[in-house]
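Working notes, beginning with the structure itself.
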Amino acid sequence: MLTILAINVILSIGGSLVILNVVPKFRDMFVKAHLSGVDLNKINKPEIPEAAGVISSCIFLIVMFMFIPFPFSQHFFNKQWGFPHQEFVQFIAALLSICCMVLLGFADDVLNLKWRHKLLLPTVASLPLLMVYYTNFNSTTIIIPKPLRFLLGHDLDLSALYYIYMGMLAVFCTNAINIYAGVNGLEVGQSAVIAGSLILFNVIELNGDCWSTHLFSLYFMIPFFFTSLSLYQFNKYPARVFVGDTFCYFSGMTVAVVAILGHFSKTALLFFIPQIANFVFSLPQLFHLFPCPRHRLPRLNEKTGYLDPSVFQFKDKSLSTLGRLVLKTYQLLGLVKVEEAEKDGELFQSTNCTLINLALQLTGPKHEKTLAAGLIILQVMCSGLAFIIRDSNSSLLRRYRTLYTYAIDVNIIMPNLLAKYFE
Amino acid sequence: MWTILAVNVILSIGGSCAILNVVPKFRDMFIKAHLSGVDLNKKNRPEIPEATGVISSCIFLIVMFIFIPFPFSKHFFNKEWGFPHQEFVQFIAALLSICCMVLLGFADDVLNLKWRHKLLLPTVASLPLLMVYYTNFNSTTIIIPKPLRILLGHDMDLSALYYVYMGMLAVFCTNAINIYAGVNGLEVGQSAVIAGSLILFNVIELNGDCWSNHLFSLYFMIPFFFTSLSLYQYNKYPARVFVGDTFCYFSGMTVAVVAILGHFSKTALLFFIPQIANFVFSLPQLFHLLPCPRHRLPRLNEKTGYLDPSVFQFKEKSLSTLGHLVLKIYQLLGLVKVEHAEKDGHLSQSTNCTLINLALKLMGPKHEKTLAAGLIVLQVMCSGLAFIIRYPLASLFYDC
């Protein structure tokens, strides 16, 4: 097992070196192909290659292709248990989902598809995974915790709902990363932290019962982590490339894939606390309760060289009652700063509802480099929090489990009342 | 079995209707994204969306994704033999190779990668297939044709060479289709004919020993055929879209994949006779023995409205001895028409070494629509020839 992991690490490092080597060479090609964006937060507003995520994604795929024989070669797997057919097909199906996502993501970057497509594309890309899951297991039954059994029965077949949940997971992860962006290095940085946290989590769980699913997850997360680190070298402040939607799609899908196949999607979501917070905070703007400008990233104050929170403008009349209520709530909680845009009292402005703007509002104007570093430290801290939550939850689960086994001995020790409640 | 095939056909038809519906809606998006090319053979030189092969490829992939449970659902397969694990993983690996090829092909169309990349990309995309093959079978033994058995024995283990052969098959198929192009509808048309021929071949072989391989191939070829037919509606003369390298890569890889997994690569290559002939004919230009212009497609004669063969120009001195020799042989065989320079400093010219130019040279100038139709008829006739070679003659070479 450790040999296979070692090979995975070696291939991943090889891949990351290739990325470091190759990305500068593609610069001109990308700019010539009109795949470029303006860095709005620099004084000279330079034009920078966009969608460079496709390069790191392809290198990731090549590393995975070369890695395919190793976990499944007859020299490596445990012969007692026979050839691990289901894991093999899941491995290839996972790669198919990721590859399809990179294709659709790159097409989105090139063709500038509409917003509704951003919800459709990850669903399409997760189809292979869902289909293989259906064909392999078709196990959509969840075990009901004992106290709820008198309500719901011993187990509940979620069937179609479970597939919808799996599909939605991919849509959520990709878009949550996509909207938590706008500062050099943030997309890649947050993905690297999430990957690193998942690797740590998987390594810890290698000693547990479900070690094989966590090993499977490591096969994907390790190359993802290393390739993201390399891309980060070019995307961090001052950015020489932009990663594009391609990278956000790739990133979200890879995490969703390991979370689904590893059956630890709830823990994976714990590592997405900043993304979830940003998403919930953004909801009013995403649903157009408030105006939603094209770009909500912080804007550069040309005099100080620091970033200020960006704003959206609105007329008080044009907001719906619900919009006004939500804005008031946000204002009371100190999440946004509302002020008059003009003296006549008609036009107001409020800071945009993103975590990045909130951070700037709380800490004051900051240099882009400091802001980016700060947000990544926030991501690390939230991962730490996630570990604490999970650990306390699992000790809760352990107490629960003790209660289960305690309940089995119930008819020996406890009277019938308790026996009736716990079965 | 027939139920599953019926489901496949229904999904394929659904996919082809989706393509007919969706391609016009993407026109503006492609042009805005600078994915467009000039139709050089029309008088007004219109700008037409390029790389629309990515649309039909994605619809093909979606059809295949939806189809995944059907051949492998426990309701359908033969329970006696147990779950067909190897076929299942091969199915998914084949889709992975095709998907990767479409990704790399689309990146090529967008970024305009260099020629050496055109050889590298299909090799990379065929990696999953090769890796799965290695893990599953690792069977690299080939049966020797009867006449050679006295020399080489009954079979021979090619080991690493077999993998090189499989990798090269993908490279060859993709690029052979790519260079046999330049007339509205030719790339899609030739692919559709090859797919149709393979479908016919597979259906015939369903009654044979290796029926499961051919059934597997049909699962891919049927959607490929229908989606190509739909795209053809937009690419035929007068073309409203260009399919781009994306389609050629997608097409070549899909055929290579079924040929490798179905173990009928030699028969599949028989359906590529025009592509092979065009490739061999083009070799001197591809290897720069003779000058190779950027575009070798026939050129429009603005007065007559017909297409003439295109030419390349050269100075007699600048050709190597081998180049002169090859050109002389081609001239003697009537494959090219050379006009030599009258004086020393002037340029000579010769028709380009492609099958399309040769066809024009033999038949005289033709309208683009007629030429395209003629070349597709040629493809069909060569498929017929392939069937004749395969069936009666095959028993001469092999036992089956």
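For all residues, glycine too, the Cβ spot is worked out from N, Cα and C.
According to TrEMBL, the domain 'DPAGT1 insertion' annotation covers A:314-347. The transmembrane segment annotation in TrEMBL covers A:6-23, A:51-68, A:88-107, A:119-137, A:160-181, A:188-204, A:216-234, A:246-264, A:270-290, A:370-389.
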Residue counts in helix (H, G, I), strand (E, B) and coil for the domain 'DPAGT1 insertion' (A:314-347), per DSSP?
15 helix, 6 strand, 13 coil
List, by number or range, the same-chain residues at least 6 past the transmembrane segment (A:188-204) whose CB is under 8 A from its CB atoms?
177, 180, 214-215, 217-218, 221-222, 224-225, 228-229, 231-232, 235-236, 243, 247, 251, 255, 258, 262, 264, 267-268, 271-272, 274-275, 372, 375-376, 379-380, 383, 386-387, 390
Let me check one thing: do the transmembrane segment (A:6-23) and the transmembrane segment (A:119-137) come into contact, meaning three or more Cβ pairs under 8 Å with sequence separation of at least 6?
no
Which stretch, A:51-68, A:88-107, A:160-181, tops the Cβ pairs under 8 Å count with the transmembrane segment (A:216-234)?
A:51-68
If you count Cβ pairs under 8 Å, which stretch among A:51-68, A:160-181, A:270-290, A:370-389 touches the transmembrane segment (A:119-137) the most?
A:160-181
Do any residues of this chain, six or more beyond the ends of the transmembrane segment (A:246-264), have a C-beta under 8 angstroms from a C-beta of it, and if so which?
51-54, 56-57, 60, 90, 94, 97-98, 101-102, 104-106, 108-109, 121-122, 125-126, 129, 133, 166, 169-170, 172-178, 181, 187-188, 191, 194-195, 198, 201-202, 205, 210, 213-214, 216-217, 220-221, 224, 228, 231
Residues sitting near the transmembrane segment (A:270-290): Cβ under 8 Å, six or more positions beyond its termini, same chain?
172-173, 175-177, 179-180, 190, 194, 197-198, 201, 296, 312, 314, 319-320, 322-323, 326-327, 330, 335, 350, 352-356, 358, 375, 378-379, 382-383, 385-386, 389-390
On the 0 to 100 scale, where does the mean pLDDT of the domain 'DPAGT1 insertion' (A:314-347) fall?
85
